[in-house]
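Asks: Reproduced below are the annotations present in Swiss-Prot:
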{"type": "BINDING", "residues": "12-18, 40-42, 304, 330-332, 412-414", "note": "GTP binding site"}
{"type": "BINDING", "residues": "13, 14, 15, 16, 38, 39, 40, 41, 128, 142, 223, 238, 302", "note": "IMP binding site"}
{"type": "BINDING", "residues": "13, 40", "note": "Mg(2+) binding site"}
{"type": "ACT_SITE", "residues": "13", "note": "active site, proton acceptor"}
{"type": "ACT_SITE", "residues": "41", "note": "active site, proton donor"}
{"type": "BINDING", "residues": "298, 299, 300, 301, 302, 303, 304", "note": "substrate binding site"}
């Protein structure tokens, strides 16, 4: 039995969907613990592409129980569309469970999110406009609507009468938008409630029961460490906690019950939206990575900014999340390059900095210090073992592992399940030893 968290070690879009899908083969339960429809994951199975925003990746395995935890915010309209899409493809959704205490994104959340971003002008933060931030804001202000409220028509109508009255003041007076009709919103969301009712349970209790029965549980995060509300590049962050610690809060699980943490990083770095990005590449090289990596957002379709691998944020993600091992994705995107650069440290105002600065203003002044490695310039997408990789690619992976001081357990070389090298068992492998008895760093790349 193992309880494993999968987290993004960069700014999201690292390939967590594929890695979670792979690991779901060994999982009895897959749980999504934070975020909402502002994140998406793409899974390719036997040439068929699935794009999901709320439903956990494990839904493609018929015997795997999938849960949406209390730390997520749920847009019922999107969730029902995903259910309908899967069922139209004869994929069963009967094993999907939804936390009754998860908060619900309402129409006024989306309207306020978009209007607020437009009002920011040059100070925009790059929101997806899906209402995620305002939903979490209402949760913090204790005025939010939870899934269990949808199940009680009288309670929903009473709560929305007060809430929409207040939200209409904001929509009309601040943003010059038309008001919402309370009864129309109530009717719409009661319809959603009936469709979702069979899936709604106390997921925290279900998770605890699965642990008692010694089931393998996989906790799936959305976005990435550098988008974490507390530990990311604030204010250019999301409104929840994608880091490993968020899995406990977002599911109702005690921290002593977590066995392993697996981080996912691309072999280079990408970012969507606003905010500092020290290794960002402009010009032809950035375009090459974007084209070869198909770097367009699953949720918004926005073009992702591309850059070299940043080991400074990599080490930070290892530390913040207590990672036991890493999965490196999209190694094949680098196949054509003659040289590859890796950021090993920053220079800030003439001084070397080996650690991630907590100030976004200071981070914006960081200039990357690079180490240049030779490329391999041969295709790797058909490699299935470490021995199949060209030596330069293997050297590159070893260098990343040394810089981040964590083993690499999985190497992904394409979108399909079979385009993967499993270096060590990421679920049942050993806990990471920080140091050997003699004080030297622990094993870096298992082989």
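Each Cβ is built from the backbone N, Cα and C atoms, and glycine gets one as well.
Note that the structure is predicted; figures quoted are calculated from it, not measured.
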Asks: Do you know which of the binding-site residues 18, 302 has the most other C-beta atoms within 10 angstroms of its C-beta?
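Replies: Result of the Cβ crowding comparison: 18.
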Asks: Which of the binding-site residues 13, 15, 42, 128, 413 has its Cα nearest to the Cα of residue 304 (substrate binding site)?
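Replies: When the Cα distances are compared, 13 comes out closest.
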Asks: Minimum Cβ neighbour count within 10 Å among the recorded positions 41, 303, 304: which residue?
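Replies: Among the recorded positions 41, 303, 304, the lowest count of other Cβ atoms within 10 Å belongs to 303.
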Asks: Among the recorded positions 38, 40, 41, 301, 303, whose Cα is within 10 A of the Cα of residue 18 (GTP binding site)?
Replies: 41
Asks: Determine, from DSSP, whether residue 302 (IMP binding site) sits in helix, strand or coil.
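Replies: Coil, per DSSP.
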Asks: Between 42, 128, 223, which of the binding-site residues has its C-beta surrounded by the fewest other C-beta atoms within 10 Å?
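Replies: Sparsest of the binding-site residues 42, 128, 223 by Cβ contacts within 10 Å: 42.
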Asks: Report, in whole Å, the straight Cα-to-Cα distance of residue 223 (IMP binding site) from residue 42 (GTP binding site).
Replies: 13
Asks: Please give the greatest C-alpha separation between any two of the IMP-binding residues 13, 14, 15, 16, 38, 39, 40, 41, 128, 142, 223, 238, 302, in angstrom, as a whole number.
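Replies: Per the listed residues, the maximum Cα distance equals 34 Å.
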Asks: Name the one residue among 15, 223, 303 whose Cα is closest in three-dimensional space to that of the residue listed as 'active site, proton donor'; these are the binding-site residues.
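Replies: That would be 15, the closest of 15, 223, 303 to the residue listed as 'active site, proton donor'.
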Asks: What is the total of other Cβ atoms whose distance to the Cβ of residue 15 (GTP binding site) is within 10 Å?
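Replies: Taking all protein chains shown, residue 15 (GTP binding site) has 22 Cβ neighbours within 10 Å.
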Asks: Taking the Cβ of each of the binding-site residues and counting other Cβ atoms inside 10 Å, which one has the highest number: 12, 40?
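Replies: Highest number of other Cβ atoms within 10 Å: 12.
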